[in-house]
Amino acid sequence: MGIQGLAKLLGDIAPSGIKENEIKNYFGRKIAIDASMSIYQFLIAVRSDGSQLTNEAGETTSHLMGLFYRTIRMVENGIKPVYVFDGKPPQLKSGELAKRTERREEAQKALSKAEEAGDTENIDKFSRRLVRVTKEHNEECKQLLKLMGIPYVEAPCEAEAQCAALVKSGKVYATGTEDMDALTFGTTVMLRHLTFSEAKKMPIKEFHLQNVLSEAGLSQDEFIDLCILLGCDYCDSIKGIGPKRSVDLIRQHRSIDKILENIDTSKHPPPENWLYKEARELFKNPEVRNPEEIELKWEEPNEEALVTFMCQEKGFSEDRIRSGIKKLTKARHGSTQGRLDSFFKVLPSPANKRKLQDGKGSQNKKAKTGGKFKRPK
């Protein structure tokens, strides 16, 4: 779920912290991608008849096709992706997971009714709600990434938290996910829609945490409390207090603790045994692997092993897979020059940066940043 309504709220209270960008402008960037979120997107991208892509054995292969081609597209645009997989969910998430199970059961009942009625629109709608990423999906995707030469990280807990840790340590430039709680975990740059299909024509939404906090007039601790008030995966929120009221309360009282001392709890009762302090601590100090102990290596794809896995085992067309591998190999060799601005330690002013870009020819055209924000790591 992430944080309820946060993207829209930030568009209202901190628009300078958000910009739209094109994938080509991330040339030379290392980006940590929330693997489960991406795999989920690939799985719900069902075909026009409402079914997922399967092989002759009836095994779902949508996730493998999506991962293969979207990863190639990123590498063709000079991006160095690293996928981060979820580990064991925190105990605080058990309530949210139970709610998701209930919603799936309701969706299953609704799907059965839609199938009886021949209601194709609702069949599609409720089929999507039943999709979930399994351990098998994850393991197959890890195998594919390894054969493609793309690094991945297994987080001990939440993938978004591990992505944020990689960004904060300077190992990567940004977190790629649809879940807004990557910002709550402290990622300095977050990209939405990065792994969407080109057919959707959705620009990449780029969030810069420091600009968001500055324009919203909040510290990171206050922002975390705001996210808990809006609704997160780890505890309930106060009923009857919407996004605008939540912002006003945080700006006035600066913490949930002070809000509880000052609001009329008879009108807005907090949840019983409210675990907001535990949720706050989880956002501030999540369980992650030490980024300094993580080595990220992008290597040559193993063509024959890829063909064996994707074609002989999973039933994909050999011509198409070999064509994809050629694109991947060519793109890898074309993106080794890196970003021009990665050679500079001092951050130039926006005006100086434009002068540098105007004077460096085609190499710099590839390396342009398209924005006024901080240089990459």
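First residue shown is number 1, and so on along the chain.
Even glycines carry a Cβ here, placed using N, Cα and C.
Here's what Swiss-Prot has on this protein:
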| type | residues | note |
| --- | --- | --- |
| REGION | 1-104 | region 'N-domain' |
| BINDING | D34, D86, E158, E160 | Mg(2+) 1 binding site |
| BINDING | R47, R70, E158, G231, D233 | DNA binding site |
| REGION | 122-253 | region 'I-domain' |
| BINDING | D179, D181, D233 | Mg(2+) 2 binding site |
| REGION | 336-344 | region 'Interaction with PCNA' |
| REGION | 337-377 | region 'Disordered' |
| COMPBIAS | 363-377 | compositional bias 'Basic residues' |
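Structure with Swiss-Prot features highlighted.
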| residue | record | CB count, 10 Å |
| --- | --- | --- |
| D34 | Mg(2+) 1 binding site | 27 |
| R70 | DNA binding site | 20 |
| D86 | Mg(2+) 1 binding site | 20 |
| E158 | Mg(2+) 1 binding site | 29 |
| E160 | Mg(2+) 1 binding site | 29 |
| D179 | Mg(2+) 2 binding site | 23 |
| D181 | Mg(2+) 2 binding site | 23 |
| G231 | DNA binding site | 19 |
| D233 | DNA binding site | 23 |
Pop the mean pLDDT for the region 'N-domain' (1-104) in here, whole number is fine. 87
Binding-site residues near D179 (Mg(2+) 2 binding site) (Cα-Cα within 10 Å), from E160, G231, D233: E160
Of the binding-site residues R70, D181, G231, within 10 Å of E160 (Mg(2+) 1 binding site) (CA to CA), in sequence order, we find D181
Output field, Mg(2+) 1 shell: CB within 8 Å of site CB centroid, site D34, D86, E158, E160 dropped: S36, M37, V84, A155, A159, A161, Q162, C163, T177, D179, A182
Can you tell me whether DSSP puts D34 (Mg(2+) 1 binding site) in helix, strand or coil? strand
Mind tallying the region 'I-domain' (122-253) by DSSP state, helix then strand then coil? 69 helix, 15 strand, 48 coil
Among the binding-site residues listed as R70, D181, G231, the Cα nearest the Cα of D86 (Mg(2+) 1 binding site) belongs to D181
D86 (Mg(2+) 1 binding site) - helix vs strand vs coil (DSSP): coil
Those binding-site residues, out of D34, E158, D181, that come within 10 angstroms of D233 (DNA binding site) at the Cα: D181
